[in-house]
Amino acid sequence: MANTNLESTNKSTTPSTDMELKKVFDKFDANGDGKISVSELGNVFKSMGTSYTEEELNRVLDEIDIDCDGFINQEEFATICRSSSSAVEIREAFDLYDQNKNGLISSSEIHKVLNRLGMTCSVEDCVRMIGHVDTDGDGNVNFEEFQKMMSSPELVKGTVANS
């Protein structure tokens, strides 16, 4: 059953996207054996200007290596590439709302950004919006809570529509 999700993910991409991912995968698969090893993964990160310890690389590999064979195959590589671009977009959106860069989004920060985007809502609406995702009860939205909010757009739409 787990492979069904991966297969449907692969079917939703265009052939050109698949070809681009294959080219990138082949570039990182230095020895051409069809899989990326820990050392090749280290070279991937170095090429992007980041270096990690072997322990950190092994942790990254463990997260990506769906079939637990100690390597990243092309399917696993494609899956992580697709999901990481989404994660980057969510991080960028969080940073947009986090006006004072303290790692938390307040109701007034949400209010300012939504109003700039042309959405009409009150600070009270934003407080209610935060209340739906504020699992730690601090009255703010941290990154984890923001991810939850972004994956449930009905929270935003419902709160703003009810104003």
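Glycine too: its Cβ is placed from the backbone N, Cα and C atoms.
Feature annotation from Swiss-Prot assigns N-acetylalanine to ALA2; the stated evidence is a large-scale study or a structure entry.
Note on the domain 'EF-hand 1' (16-51): residues 10, 57-58, 60-61, 69-74, 77-78, 81 of its chain, located 6 or more positions outside it, place their CB under 8 angstroms from a CB of the stretch. Residues or ranges marked as domain 'EF-hand 1' by Swiss-Prot on the basis of sequence analysis: 16-51.
The feature Ca(2+) 1 binding site is assigned by Swiss-Prot to ASP29, ASN31, ASP33, LYS35, GLU40, with sequence analysis given as support. Same-chain residues at least 6 positions away in sequence with a Cβ under 8 Å from that of GLU40 (Ca(2+) 1 binding site) are, in sequence order, PHE28, ASP29, ALA30, ASN31.
Positions annotated as domain 'EF-hand 2' by Swiss-Prot, on the basis of sequence analysis: 52-82.
In three-state terms derived from DSSP, ASP65 (Ca(2+) 2 binding site) belongs to neither a helical nor a strand segment and is classed as coil. Taking the Cβ of ASP65 (Ca(2+) 2 binding site) as reference, residues of its chain lying under 8 Å away and at least six apart in sequence are, in sequence order, PHE71, ILE72, GLU76. The Ca(2+) 2 binding site feature in Swiss-Prot is assigned to ASP65, ASP67, ASP69, GLU76; the stated evidence is sequence analysis.
What Swiss-Prot records for 85-120 is domain 'EF-hand 3', and it gives sequence analysis as the kind of evidence. On the 0 to 100 pLDDT scale, the domain 'EF-hand 3' (85-120) averages 85 in this prediction.
Feature annotation from Swiss-Prot assigns Ca(2+) 3 binding site to ASP98, ASN100, ASN102, GLU109. Within its own chain, ASN102 (Ca(2+) 3 binding site) has no residue 6 or more apart in sequence whose C-beta sits under 8 angstroms from its own. Following the DSSP three-state reduction, the secondary structure of ASN102 (Ca(2+) 3 binding site) is coil.
Under the heading domain 'EF-hand 4', Swiss-Prot lists 121-156, citing sequence analysis as support. Beyond the ends of the domain 'EF-hand 4' (121-156), by six or more residues, the same chain brings 90-91, 93-94, 97, 103-108, 110-111, 114-115, 162-163 to within a C-beta distance below 8 angstroms of the stretch.
Cβ neighbours within 10 Å of ASP138 (Ca(2+) 4 binding site), excluding its own Cβ and spanning all shown chains: 12. Taken from Swiss-Prot, the feature Ca(2+) 4 binding site applies to ASP134, ASP136, ASP138, ASN140, GLU145, supported by sequence analysis.
Taking the Cα atom of each, ASP138 (Ca(2+) 4 binding site) and ASP98 (Ca(2+) 3 binding site) are about 15 angstrom apart. What surrounds the Ca(2+) 2 site, by Cβ distance within 8 Å of the Cβ centroid and not counting ASP65, ASP67, ASP69, GLU76, is the set ILE64, ILE66, CYS68, GLY70, PHE71, ILE72, ASN73 from the same chain. For ASP33 (Ca(2+) 1 binding site), the nearest of the binding-site residues by C-alpha distance turns out to be ASP69; the candidates were ASP67, ASP69, ASP98, ASN140, GLU145.
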